Amino acid sequence: MNTLVLKIDTILSKHLKKQLAPYTISSQNTYVAFAAKKNGVTVLLYKSGKLVLQGNGANALAQELNLPVAKTVFEASNNSQDIPIIGSDEVGNGSYFGGIAVVASFVDPKDHSFLKKLGVDDSKKLSDKTIQQIAPLLEKQIPHQSLLLSPKKYNELVGKSKPYNAISIKVALHNQAIFLLLQKGIQPKQIVIDAFTSQSNYEKHLKKEKNHFPNPLTFQEKAESHYLAVAVSSIIARNLFLDNLDQLGQDLGYQLPSGAGSASDKVASQLLAAYGMSSLEYSAKLHFANTHKAQALLTK
């Protein structure tokens, strides 16, 4: 996926709107004056006059529309590392026990040497011990914004007849983490989110969020393997999740496993026997199938 950002004048803006009129789409971003999608490329025209094209065919569409590609502010492929980037990632959404940690981090090219010396990589490839050693160093050096949604709060917000589902809650957390980081004066050239849903679905859920920002987003699967900024966020988020999981376990007197396998079913059934459902409301995501499996284990 390529991202093209251009500055166009009023005359070209009117011409563009006429050309793309049959491909118009809605956008809830208050900073966007016009939005369209053609040939898989999303086109966003901001009130400031900035034009953003996102998609693998961005260059081809720009040529088709006779846009001044030579005046591109930047053209970034998915593995571009030579511009200041905000990367956002989450950890914990697939684990029955523990909350959800979302982190947005700002990495400037001048940080690359420091990060490579630390061996920063996708946190999923690193041991928990290594993550716990690296994360404090990253937190000290790299501008970031961390958010932790506790299981108790998660259960209040996510589920049937509740404000959020498992996808929309992550949209809210990513959006808020990035928004708060931008409020600190950070000025990225690109913002990358580790894709957990489609861009259109993300934007649909974003409509009900209070805070918005004008910066375009890049959605990349396995982004932590392509962008150092996302890898940093992945590591900090993993450490935050592990700390939360450990603290919850200490509070209850049980070692809580990560993940959503049979080990989680077993511990959950033990917690139900010892403390009742309130212990799972405090430590786990109740809408997971593990809750029913744990209840079934009690009857055996």
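Glycine is no exception: its Cβ is also placed from the backbone N, Cα and C atoms.
Sequence annotations record features per position, and here Swiss-Prot assigns domain 'RNase H type-2' to 83-300 based on sequence analysis. Taken from Swiss-Prot, the feature divalent metal cation binding site covers ASP89, GLU90, ASP194.
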*Among the binding-site residues ASP89, GLU90, ASP194, which residue has the largest number of other Cβ atoms within 10 Å of its own Cβ?*
ASP89
*Other same-chain residues whose Cβ falls within 8 Å of the Cβ centroid of ASP89, GLU90, ASP194, the recorded divalent metal cation site, in sequence order*: SER88, VAL91, VAL102, VAL103, HIS174, ILE193, PHE196, ALA223, GLU224, VAL230, SER233, SER234, ALA237
*Confidence summary for the domain 'RNase H type-2' (83-300), mean pLDDT rounded*: 93
